[in-house]
Amino acid sequence: MRLEAENLAGERGGETIFSHLSFTIGTGQALVVTGPNGSGKSTLLRIICGLLAPEAGEVKLTEGTQIVPVRAACHYLGHQNAMKPALSVRENLLFWQKFNGGEALDIGAALEAVDLAGVEHLPFGYLSTGQKRRVSIAKLLVSHRPLWIVDEPTAGLDKASEARFAELMREHMRQDGMIIAATHIPLGLDGAISTTGNALVRSLDMAAFSVEDIA
């Protein structure tokens, strides 16, 4: 599987914030998107997963010679956790499992993977900020999508949870998954190398594509 972005431009509030942005990632690889606040990291991720239309350019996901709809192949984890506070943790994850299809881990195993075993009966709104984020990470595990698009995924996590999520990302890559992550802090993926010696993690600095810098 291969994801290509070609000559993308994105706008916010009617003003172009980045342009001439291109990249390619393949199976088992990750792209870490960095840059100052307001540089367009979140806008780029929303364009890639189809939540926003690009001002220019295109995004294409292919498997062999077949074009695959990005929306059908990706998990998107944004700033918001996208969970109903009044529903239990289990009910929220069950909704997303059925909505996304492609069952992977069962809910209990997914919660155990984020060190939240035993909370599935609790209302989501009862959880702490860090626990809520970990439930949202568990959402990535209860149904299989090859492409993870995650925006500041470690927000609200402690160091132990950050390390646990880094290992989950590495495992996803080992299973031929792809990851695009926007972040302002290290995600613990630096230095990942394939068996052939190729770097599996690339970085993209949004500052290099800002309209001011290009002008």
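Keep in mind that glycine also has a Cβ here, set from the backbone N, Cα and C atoms.
Since this is a predicted model, take the numbers as computed values, not measurements.
Sequence annotations record features per position, and here Swiss-Prot assigns ATP binding site to Gly35, Pro36, Asn37, Gly38, Ser39, Gly40, Lys41, Ser42 based on sequence analysis. Look at Swiss-Prot and you will find 3-215 tagged as domain 'ABC transporter'.
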Fewest other C-beta atoms within 10 angstroms, as judged across Gly38, Ser39, which are the binding-site residues: Gly38
Those residues of the chain, 6+ apart, with a Cβ under 8 Å from that of Gly35 (ATP binding site): Lys41, Asp205, Met206, Ala207
Model confidence over the domain 'ABC transporter' (3-215), averaged pLDDT: 91
Most Cβ neighbours inside 10 Å, all chains, among the binding-site residues Pro36, Gly40: Gly40
Which of Asn37, Ser42, all binding-site residues, has a Cβ with the fewest other Cβ atoms inside 10 Å: Asn37
Extra residues within 8 Å (Cβ to Cβ centroid of Gly35, Pro36, Asn37, Gly38, Ser39, Gly40, Lys41, Ser42), ATP: Ile17, Thr43, Met206
Lys41 (ATP binding site), number of other Cβ atoms within 10 Å: 23
